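The next block holds one structure in the form of structure tokens; read it before the comments.
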């Protein structure tokens, strides 16, 4: 016997999907800005290990001379990115969704077990609610990262007017590096996130659009919360 | 009424129905977002004026965003952080020669100040050097993203204005600066021009300005990106309308304020 189980409230789904193109535009326009002065490398003991973006990448994307375009888009979409983030945090705080999302005292130990399970090293995963321990940590971290991007962004956008903020972020130079590193973090998160979504399957993916999961009631209900009402 | 209709549906029908609605809305919103993006990306260019080079809606957003942050934060007493002189770089980075690459007779150079009443005031370098010199060691920021701690010396714009009796002129909203060959020009909002650290610089690292850094006189305005720090100033004007600005005509934010 199939049953509908409500999973993600409408606001959670909307903020999630609105954020997807917004973050895409922010990364793209941010790179147009970064490419005006492409300096960051990973250099250890005088040997450069990572120089971001090889030449073919520049050629393929027509990168030079697009700094002003990048800035114009970045400074417009930062509003939507920030407002969407604030709205999401307010909603989770007021609706009580935060209870599913914030890591608790078991999360850090459990996340390790989840990782072992995902890597097929361990057969069973720890019991979970709406999100598992690794998800709790990842989804909370990504919100903190978003806040970090906004704050470091403001620190390099108006370093004189927000000089206290720039100081707090470790100075202009460091704020810029943090801002860049966070972007790398999003790309990494995105890759892992998409892989996990593919692995988790259709029912899980659908719930982020339709809001519900389909469960089979005659099966023993393992790891599923049943305290939520159907509407 | 809706509830009654729901009850009569089987679970499978309800799943189908809800999938149809939510994926339909999702698809429609996705298409709308894509359409909105295409509209914005291909929106008409702004009408060329003191600014140009970007899409009209983006220019509106740039102006509004700048105004928002100015109202929220701009304060002429927010000083730029200064550093000990030892921290200044010895080799000062040099990016552009627009406006300072033509030949002029440095001995004949005078700063032309066009006053409100149409009168012109000519100031030579000796007159400027005779006034109290101010040194400034600060983190110069380029719009490209690099920054450098640099050491400049010259006459504070405030002192210049006071000494040459330009109070009436500086009560206007904007100041315009142009190179002698008129190839490079910047427009400055008056509060930034009158910022207590804005310099008419004639020294770099304690020595007279080299030609590529704006000999004989350049602007150092620490509350703006480097693109506003005009090299080789030729003339100074005042207005309530935004004066033309070289990089704003290329699509950059008019204020480029920090």
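Cβ coordinates are placed from backbone N, Cα and C, and glycine is handled just like the others.
Sequence annotations record features per position, and here TrEMBL assigns domain 'Cytochrome b561 bacterial/Ni-hydrogenase' to A:8-209.
The transmembrane segment annotation in TrEMBL covers A:20-37 (among others).
Residues or ranges marked as transmembrane segment by TrEMBL: A:71-91 (among others). Away from its own ends, the transmembrane segment (A:71-91) comes close to residues 11-12, 15, 18-19, 22-23, 25-26, 28-30, 32-33, 97, 143, 146-147, 150, 153, 157 of its chain (Cβ-Cβ under 8 Å, at least six residues beyond either end).
According to TrEMBL, the feature transmembrane segment maps to A:137-157 (among others). If one looks beyond the transmembrane segment (A:137-157) by at least 6 residues along the same chain, the residues whose Cβ comes under 8 Å of a Cβ in the stretch are 26, 75, 78, 81-82, 85, 88-89, 101-103, 107-108, 111, 131, 165-166, 168-169, 172, 175-176, 178-179, 182-183, 185-186, 189, 192-193.
Annotation comment: TrEMBL describes A:177-202 (among others) as transmembrane segment.
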Local confidence of the domain 'Cytochrome b561 bacterial/Ni-hydrogenase' (A:8-209) - pLDDT mean: 84
